[in-house]
């Protein structure tokens, strides 16, 4: 299965790069900074066709084109985000990812995050028992505490100091705001950031969570409850030591 | 002169990459997140030697090794930052720059910003009348308003809402926090971000300002006063339209 998915991702990336050279049609979704382009929709349709040809019984949970209500917990579900970081895609023509995840009866099997313009593919999960950076297997990053590393942050959470975001940031070595969940997951998997505090939809975290699970890095909601895969929700992920440190804020121990 | 400086930068980059493969000696300067490594100091010494061999009368203003008090306005002054984004260098082994600027009697002549790990050199200024990305001349980015683009931001300014940082961020399409002034200047020069709001030392802005001047993009302090090159100070830079929009906040027109 993984060979097919990787081939779809590379073909989707070529379509995205072609789209960058043409006039983008940009529409707003929920507000002036929540954008979708013709390329997001076309690439999602491309991925949906490939998935259906590969497994006609699979269900699909995706950001665009009305696929955002599929339940994760029954049968094989592909979770897809054709362009994660659409605002970066439109404004920067870089710093965006393609993300695909495969769940079976709610259990994560394979996750894929592809940084298109840097040509960096991170993929793996329980089905293969490993995580890869391109063709090279990677090991779990060092189990650093919150005070020992950089942490990815959502700007609105940080500004409003929701879920102790500012205390968490101040305890870390510094915050980074990249505008692309996929890049934040890549940074955690590589070990260049020790955590990520945000508000995410299922297609934002589905692929990254599978790879983090494989590497022994937890992710959960504000009260340590499992992520629901049903709505946009508070998300924390990181090294085990960082997650313990952050949980202490949420228990009011700081 | 530019050929020599570019050759120094590439040689310094090799030294930095070699340093990344060895055990870093990391020290704190002004607090636990303000770091300096043996590589910062060694690379600054290397650049100082090269500059002195090239022009024994030139003065040097630099972050490390006690060169931080040189005045900019008399004779030829090289402003150097051997590793801009030392925290990223230590934590991420990427997302840091080498920066060199040449001023003559206080007038910017040449600026160089090199993103070492991406191998992207931006350089130019009044002396050559152009700005280059590697070997290709680049033109001024589109003159976008604040509401039309992404803006780079300093985390502490944003958190504390100093200098209207949050209103500025909310008016933009979104904020980005990269932890490296050089990368923020590169984003402005490329046109992928429309501005940058921060608190910077002279070696943080000296090179970028020269290239922005050449491209017709202003930079100044909070009250539109010239940057002093004498201390860590509030900095705003961006497209002309963005700078007019931001100035309106500081005049209390919003």
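Each residue, glycine too, has its Cβ placed from N, Cα and C.
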Mg(2+) site partner of A:63, A:81, A:83, A:84 (as recorded in TrEMBL), chosen from A:204, A:213, A:223: A:204
Other CB atoms within 10 A, centred on residue A:81 (Mg(2+) binding site): 31
Additional residues around Mg(2+), ordered along the sequence, whose Cβ is within 8 Å of the centroid of A:63, A:81, A:83, A:84, A:204: A:80, A:82, A:85, A:86, A:97, A:99, A:181, A:182, A:201, A:203
Winner by Cβ contact number (other Cβ atoms within 10 Å) across the binding-site residues A:63, A:84, A:204: A:84
For residue A:83 (Mg(2+) binding site), nearby residues of its own chain (Cβ under 8 Å, 6 or more apart in sequence): A:16, A:37, A:39, A:40, A:43, A:89, A:96, A:97, A:98
Helix, strand or coil at residue A:84 (Mg(2+) binding site) [DSSP, three-state]: strand
